[in-house]
Every structure is written in structure tokens, then in C-alpha cells.
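Step one of this worksheet: look at the structure below.
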Amino acid sequence: MSSSFTDRLLGKVRLGGLLALAAPLLAVVFAGVVTSIILALTGNPPLETLRLLLDYGAQSRTMVNIINLATTYYISALAVAIGFRMNLFNIGVDGQYRLAALVAAAVGGALVLPAPLHVGVTILVAVAVGGLWASIAGLLKVTRGVSEVISTIMLNAIATGLGAWLLTTDRLAVAVSGSNNIGTKPIPPSGQFPGFALIPGTQAKVFGFVVVAALLGVAYYVLFNRTRFGFDMRATGRSESAAVASGVSVKKMVLITMILSGAAAGLVGMPQLLGASYSYSLDFPTGLGFTGIAIALLGRNTPVGIAIGALLWSYLDNSSDILDLEGIPKEIVIIMQGTIVLSVIIAYELVHRYRMAAEQRRVSRQLSAESPSPPGSGPNSGPNFGPDPASDSASEEGAKA
Amino acid sequence: MEEAAISTSTSSAGTAEPGTEPAVQLEGITKRFPGVVANRDIRLSVRRGHVHAIVGENGAGKSTLMKILYGMQRPDEGEIRVNGAPVHFRTPADAIAAGIGMVHQHFMLADNLTVLENIILGSEPRRFGAGIDFAEARRRIKEISDAYGLGVTPDALVEDLGVGARQRVEILKVLYRGARILILDEPTAVLVPQEVDELFDNLRGLVREGLTIIFISHKLDEVLSVADAITVIRRGTTVASVLPKDVTARRLAELMVGSELPSPETRESTVTSDVALSVHGLTVRGDAGRPIVDGVSFDIHKGEVLGIAGVEGNGQAELVEAIMGMRPAEGVITLGGRDISAWSTLRRREGGIGYIPEDRHRHGLLLDAPLWENRILGHQTRKPNVKGPWIDRAGARADTQRIVEAYDVRTPGIDVIAAALSGGNQQKLIVGREMSGDPVVLIASHPTRGVDVGAQAAIWDHLRSARAAGLAVLLISADLDELIGLSDSLKVILRGRMVADVDPADVTPERLGSAMTGAGGDRDTPAPEQLGPAVTGAGEEA
């Protein structure tokens, strides 16, 4: 009768209080236990491995890398979460950001503009390309009823092909000097997004884009929780039938949401492009869109939850580098990430069920405390067969039996 | 007082000959769900070899009771005795073991299997411990079919069978598992009249052979014609046990709905000459292009309640959705003189149409959202909920508080989620919401379905006072007394067409009921006066 498991999976159901914190913490601890068991089974010392991860992750250079990768993950997860809020599974964030980054890199490399404008135009191009690419899936869903899951997966493959076709020396690419790699023409300094040294003890700079990511998180929160548009979106995600009855045009919402999700996806490649590589080359990071799905689930589509999830994910990714050096397979971290996602989902589900039952109990208890009479015994349920309103006419009509 | 007198007759109706225990006896069964009591102190005694009917309105608690008896739900309090021995069912398997079988309203048969395969599915007779003994199964099915005159062919494919035959397969399936007590949940809902007659013949054959049948229905004439004893459930509790020879359909209807009915005589007409909503030639087509609503026209004036009576599934839901702009339709709808046929749902709502949907969980509420967010739903472009593109939290919350107080929504606060409220309180919130923002027209679809007595009376009061203030109301309800009591004029819908106009001041639920089934006369020649003395009771309802 109430929310479906999918709704809860996608975080459309609120969890309040300490329980909301306890669930993910327990899940992470549980994932640690599972990982330890696997480590022990494969003949690696679990405690030693965890200590290695902790130590390496606490080094200042690693911390910069963690924040930088988390920035990318965060934007990717937000892009996925925008769709999730409306029950749209945008699996295509991956294709959207790669295509967007490629085109934006080409435009940024070709432009000559003053600094802030140059950055702005490059970002705008990325947002537009991401949004456009996602709008294909949105249009297909709205006009032809094609599931966005299918179409975005297909569009990922098409984006890969399109990217490979564009990234040749005949078109957008130039040879990268000193290697056999090819990439877009490097973006000149006026188009680069300056980083800043945040962590003491290292020369490595944190992406300046981390600020944009944080602003994006705030915008996401405001959009969903404070605006009419966000209300319509949440209503549609919670109950499409109720949204339709309340006058929401679901088709319009689907299209807009898909475009918004794609536009955010367009930004996923920007921290890397504008803060580190300045060019889209064959070794530009891939698969960030899929990581975003896992992190959006982990963070239950809330901006803060996603931030924590992104940091955790990035932490595990970065600190795993040390394991190889110690002869421990770094894939153990992937097992850990997978276990975390699964156990977080299960933990939230358990907490949700507990809370639903508790809330209903609380409400009925509070109400029965207010009025001593049990439900149903209101003022009207006295003598049951009083004067009948319609008995004046033809009361014998029903006698035929 | 009178209730006590009726209850006394329970003992006389339920008392069997000395030495024979009742087949099923329920004592003080109570079942609570969060926020609502589904069954309260149910008492029931079913004699062996009887067709015992359990009647009550939708939402009265019949289904919960049967789920308890069939082991699908466990009672919070009370005792179940089968053939005199106390039982505690944990699963339906326990109930089956005790000889209780259930025939569900919706058939649970695999279409692509034969009758035989469907019947033995899950309890296949084994040969040498491995292979299925089809010969034995066929023999037993034939035996049961012949013994009770069910006429089931074991080797027919279920997909080739008609609805009546499928139902007999379901019954045989239950008998095959050794049931001596059969629960039939609204078995006639899916049948045409001739099939109903056949079913009743089958049922009489079953009880002649010593089986006991518990028959759930809200169709009074069927109950009167087939039952040996009748128990009435209202608002979750058994209010009377009677013998069919002692009651009329009218009396049963009174027992079912109680006396908390609005009284039409006490009101004055508030109907004005201004047309608020006009529907002309409205046609809604189904998937196959077949009209579900067929050329419906009517006017509702300010201060008028127009009731639509009809058996559910005759196009009422589609009519409402077309008026709300949720479903494409042909024809012209005007609101206060303006043609709104091309308007979106949102624009129609902004234009002053309030909507109390039939299914509040699907269409009326966001169950997981707090009450104040539910206040915004459907009014998300209007004050006090929004300021420009922003949600006005303070405004919405203050107005939710107002609704909670004015409409007596029993809740600890406006931050609890809607799912935590009982059905009646959810509905009062919806009514309060739809009445705010000065609606011109209110579409009320089953406004008091599944709500408790207090909430029902409150909702009726609100509808009446809004009508007095000039609101035009389109009322769709399955509760005939509600329709007759609240409406200023009544129309009967049958297979998507308006087939009769009825004066609510001069009609009884029985006569209205027979008009709804088309038994009241020739439906192709609808005439306002056709519901005269020609209508013969409710005997033809099916």
C-alpha cells in the first residue's frame, strides 16, 4: 500500500534521526567484515591490509587525489540522482560526459578568449552537449515509449563510436607530442580552471572545480526541495498516478529531467579536462558514469549523502594503489565497494521497515491517547436502526426474495 | 437496542440440532492494522451443510475476515473453531489441512495448462514415488465432478473455457484438496446472470452432499436466493445474523449501511439556474476504439449535486478522468461557459475544478510524503503553497494546519507521512484540500469509500455546506443511500451511456439498483419517468 522497494532504493522515502546515520555506518562496518573474511580466505592478513589502506589514504598527496576524484564522482552521481528522483534510470551518464568532454575540449582548444569567458564557454558547450545527448533518450521515451534504460545504454555505445570517429587526426585530434597518443588540441591557459593547494605538505593542487561541484550540490538541493518544479518532480517520482491527477504533465517532466540529468553529466569530465589534462585524449578516464550510479544509490540521492559516498569511493580507489605494491590484489577494494553498496541498500530497507511500523504505531497511540473512544465508535454509531431516511416510499419494494 | 434484539436471533439461527457442532465458529475475532481496526469482535457461527452468506459494503471488513479464516492473516484476538475444535492457522496450508478451501474472486489458473493439470498442480498424485499418476488424478476429478454435478472435462485447456467453467474448475481444485468448507469470495462478480444461476445450482448440489459454503457478497438478491443463513458485517464487526426468510432486501440493505444516512427531507434545494459545468457528447474510447463512455451529456448547476449511479466498471472512472483531462476524450466540456475541452489537467484544476479521486492512494496522495506536502499536491501553482517558482513552505504548512483543524483530521502533526493516517483521516485531508482555493465544481468519486462512520458523516456535512455555498458537485458513488441522500438529481450510467434520469426524492435503493443493472426497462429508450411502478423490486439484479 505504501512505497515500493524501488522508491526506497532511490531514496525517495525519508529516513530521519540517528537511524539514518546508523544504517550506512553499520553497512560500512559489515562490508569491512566481509572483506576481512575474503582477505583471510585468500591468505592475506586482513588487519594489515586495512592498516595499509588507512595509512596510504592519510598521506597528503593521496588526499589531494581523493578529493579530486571524488569531485568527478560527485558530479556524476548528482547527474544520475536527478533522474533517480523521478524514477528515470539514466544509465547513459557515461556516454553523455565522454561526448560532452570531447566536444568541449575541442571547442576550448580552438577558442581564443579572455580567461573567465573561455572557461565559461567550454563549460557551456559541455553542458549543452550532455543535455542534447540525453534529450534523445528523453524524446524517445516521451514520444515512442522507449525505456530510457535501453536507449541510454545504446546511446553509450553510439557515443563511444561517435567519439572514436571524431577523435582522429582528420577531425578533432592532433598527435600528442612525445607519445603515440592522440588528443584534442590542448586548451590554452586562459581556458584552464585554476586549482588551489588545500592540503598542506604536498605540491599537488586540488581541482578548482570542487567549488563548482559544491555549488551544484546546493543547486540540486534547492531545486528539489524549494521549487515548484522540484515538487512536481518529486511528486512524479513518488507516485506518477497522483502526479497526473494533480495536473503534472509527466511527459514534459520526463523530458526536462532527462535533459537536466544529461546537462549535469556534461560537467563530469570538466574537473579532469579543465584542471589536469587540458585535452581529451585516448586515455581520458572512462566509466565514471557507472560509478556515479553506485554512489547515487549509496548516498540515497541526497547531496550530502552523495558527497560522503563519493569521498568513500574515491578513498578506496586511491588507497588501493598501495596494495599492489604489497602484493595484495587491489581488486579486493572492488569487492569492498560492491559489498558496501549492497549492505547499505539492505540496511536502509531494514531501517525503513522499522520506522514505518514505528511511526504508524506512534500515530495510533497518540491518537488513542487523545480520545478514549476507539475508532469507529463516533457519535453516530449509537442505536443502529433509527428512522430510515427513505422508508417513506415503497418500503415493501424490496420484499421480493 | 434493536441491534441487541437482532443479535439474539443469532443464537436461534446458529443453533444446530443437538449433537451437531457448527462447521465454523468465530468468537470475538479482532484484527488491527496500523491506524485502523479492520475487524472488531466478529462473531459468526456457520452450520454444516449450509450456504452461509456474509454480506457487507465494500470496505466493511469481509475480505479481512476471510483472510483470517483461510490462514492468510492471523487475528489479534479471538478464537476460530472448526467442527468444534479450536484451530490456529499460520498459513493457508493449515486451513486446507483443516478442510477449508477458498475460491478467490480472481481466478488463479494457468491458461496454457489443461483442467487436470491445473487441478493437480501442487498436489500431484504420485506413482511409485516419482511419476505423476495421471490416471488416478483423472479418475478422482471425474468422481468429484460427477458427485457434485460440476460437469468439468479434465482434458480441456483452461484458455478455451468460459468464465463460469473456470470457476467450476476453481471449485473442483479446492474440493480435490479435500475441502469440506468452501469460502467463495464474491463469486458472482465476474459472471453473467445465467452463469450465476448455474453456480447457484452447483452450490445447492454441494451443500446437499454435506459441504458447507461461506459465500461473500454484497449483492443482496443473490444472497437472499441462495443462502440458508446470512451474517451482516458493517464497519468491521458483525451486526446481525438473520435467516433469509425473515428479511427483505431492503432490511438487509439497512443492516449493511446502518442508519447514519443523510436525510434528504431536511434539506432545501440550493440549485440555481447558473450552469457551472456542462458536458456535451463526451465519448471516451478504449484501446480497441470501442467507446467506454458513449456520448454522455449533462449540466451541473451551481449549488447542485448531480449523482451518477451505476454498477462499477460502466464507465464512471473514465468519465471522471475525461472531465479532469487525464484521459483523451471527444465532446465538449464547458466550465462556467468557457470551453475547457482542450485544457490540461492543471489548467482545469486552476480553473476551479476540485477532484476527490476514487482511489486516494493512487491518485490522491503521496503516501510517503508529509501531510503538508500532500496539501500542495494538485495546488502546486496556487497560493498559499507557492510564491512564483518557489514552494512557500510556511504558507503551505499554515494552511495544512488550518485544514487539519477545520476538517478534523486526526493526526499528531502535519509532518507525519500520509500513510500513517487512517483512511478516513486521509480522506478528510483530501476533501479539505480540494475544497480550498474556492472551487467552482467538485468531482467527488466515492468520497466516503472505506472511511469510518464519523469521517463519513463529516464529509457529507462538508459536501452539503459547500453545495449550499454554490458549489456544483458531480458525485459518483457505489453507496446508493449516499447517492440518493446527497444528490439533487441522479443519472444512471450503464455500459458508458446515461440510461435514465431519476428523482432522488422518489426512489429507493432497490429501484435504483435494478435500474443500474438495466433491469428497470428498455435501456435504449431512456426516459426520465421510466422508473415508475414498472420497476419490480431488485429481484433481477445480477
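Quick reminder: no glycine exception, Cβ is built from N, Cα and C everywhere.
A TrEMBL annotation is a machine prediction, not a hand-curated record.
Here's what TrEMBL has on this protein:
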COMPBIAS  A:378-389  compositional bias 'Low complexity'
REGION    A:363-401  region 'Disordered'
TRANSMEM  A:18-42  transmembrane segment
TRANSMEM  A:62-84  transmembrane segment
TRANSMEM  A:96-115  transmembrane segment
TRANSMEM  A:121-142  transmembrane segment
TRANSMEM  A:149-167  transmembrane segment
TRANSMEM  A:206-224  transmembrane segment
TRANSMEM  A:253-274  transmembrane segment
TRANSMEM  A:332-351  transmembrane segment
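Each of A:18-42, A:121-142, A:206-224 was scored by its Cβ pairs under 8 Å to the transmembrane segment (A:149-167), and the highest score goes to A:121-142. Here the listed stretches are A:18-42, A:121-142, A:206-224, and the one with the most C-beta pairs under 8 angstroms to the transmembrane segment (A:96-115) is A:121-142.
Between the transmembrane segment (A:62-84) and the transmembrane segment (A:206-224), three or more CB pairs separated by 6 or more residues in sequence fall under 8 Å, so the two stretches touch. In terms of C-beta pairs under 8 Å, the stretch of A:121-142, A:206-224, A:253-274, A:332-351 lying closest in packing to the transmembrane segment (A:18-42) is A:332-351.
By the count of Cβ pairs under 8 Å, the stretch nearest in packing to the transmembrane segment (A:121-142) among A:206-224, A:253-274, A:332-351 is A:253-274. Taking Cβ pairs closer than 8 Å, the transmembrane segment (A:332-351) reaches residues 5, 8-9, 15, 19-20, 22-24, 26-28, 30-32, 34-35, 38-39, 42, 44, 49, 53, 294, 297-298, 300, 312-313, 316-317, 319-320, 323 in its own chain, all 6 or more past its ends.
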